[in-house]
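Per Swiss-Prot, the features are as follows:
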ACT_SITE  ASP142  active site, proton acceptor
BINDING   ILE25, GLY26, GLN27, GLY28, THR29, PHE30, ALA31, LYS32, VAL33, LYS48  ATP binding site
DOMAIN    19-274  domain 'Protein kinase'
DOMAIN    309-336  domain 'NAF'
REGION    160-189  region 'Activation loop'
REGION    342-371  region 'PPI'
Amino acid sequence: MYKAKRTAAQKVRRCLGKYELGRAIGQGTFAKVRFAKNMETGDHVAIKILDKAKVQKHRLVEQIRREICTMKLIQHPNVVHLHEVMGSKTRIFIVLEYVMGGELHDIIATSGRLKEDEARKYFQQLINAVDYCHSRGVYHRDLKLENLLLDTAGNIKVSDFGLSAISEQVKADGLLHTTCGTPNYVAPEVIEDKGYDGALADLWSCGVILFVLLAGYLPFEDENIVSLYNKISGAQFTCPSWFSAEAKRLIARILDPNPATRITTSQVLQDQWFKKGYESPVFDDKYYPYFHDVYDAFGDSEEKHVKEAMEEQPTLMNAFELISLNKGLNLDNFFESDKKYKRETRFTSQCPPKEIINRIEEAANLLGFNIQKRNYRMRMENIKEGRKGHLNIATEVFQVAPSLHVVELKKAKGDTLEFQKFYQTLSTQLKDVVWELEDAAEDMS
């Protein structure tokens, strides 16, 4: 018989509480992001994983904790949703909404500028999300195309609040003082580092984004960082000829280098160009977040830590191994033609692999067999000695498809006829587990 286990790849499932972790989809200085699935609901999520030691070494505990608390304050259809926060002894896990449509930046990079109506739709969603955040005292401070994701319906989802600042942390002069953000999108007052209004700085970045959507390129670019900052501080940009007069007027009011005279978000919402086709999102914003899970995640209490586990999955059969199970194509059968009974057999099942292996164990125990089990492999030995010693049977569950498994039973020691009788009794007891047995004719050579 072809030995499936020699070539089949063993799958190992990495579990984090109720989540199954998948491939890495992002990597930063302090965090890795993995695709994951909620095993209870089947929903896909993204889990940001932070190393506690690295965070503590760089004295970023408070900043990361603030980021998490900030995201919990935000419940808006155009902002990436934070589901929950968990912790282990060594890591922090931030469970986020998984946004499947990619980055808005990629659309511009591959297709160039957008039509005005399409750009306006994205800008409307962005402004609505930003206005919502500001109303709750939350400022993004790093708005750029790369942080604007798209869902499957083509709607914006603002991501990455790693540089956000809560209004409670504003200094006595009522201004923020930390310089951050991406150079091409940053407001002049942020560059000057004299303190700035977070809402007005965010709006400047929104103006840069609108320009890029309509033009296909940045309004402020220069290889020399000093020259770039000079262009930003002086608002040295020119709108292309294809911009409508209304769009030019709005962009000029947003990209005003003087924050005291710059248009506000509430004024943008009343702008005639902006209001064209505008539909305010309807959603329930009566949300009162709790923060105890954030402190539990950063704490040292093992009782409140999430369980991490590596779980072996059934071996996955490839196409050649499946073909070898077909008696007509299996060359091993030529060498077994003189044997009355086969020393191995199998059946298929649509039950979960854990249920299959547990049911076999229960039935074998009732038939007087001792069991040794490891994941989806099992060795069964009859307590009573038979005609040729103790009957010993090796069993393994293989995965053929997500909901289809092959269960293989092989006689390792003992009498072949006793093995066949055992299998007939076992398959009868497992009739609700067995989907299809090998053809009865294949039980005889």
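Any Cβ shown, glycine's included, is placed from N, Cα and C.
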Within-chain partners of the region 'PPI' (342-371) [C-beta distance under 8 Å, separation at least 6 from its ends]: 1, 313-314, 325, 336, 378-384, 393, 395, 397, 399-400, 403-411, 416, 419-420, 422-423, 425-427, 429-430, 433-438, 442-445
Surrounding CB atoms that lie within 10 Å of the CB of GLN27 (ATP binding site), all protein chains: 8
Pairwise CA distance, GLN27 (ATP binding site) versus ASP142 (active site, proton acceptor), rounded so that it is a whole Å: 18
Least surrounded among the binding-site residues, given as ILE25, ALA31, VAL33, when other CB atoms within 10 Å are counted: ILE25
Euclidean distance between Cα atoms of ILE25 (ATP binding site) and ASP142 (active site, proton acceptor), Å: 21
Conformational class of ALA31 (ATP binding site) under the three-state DSSP mapping: strand
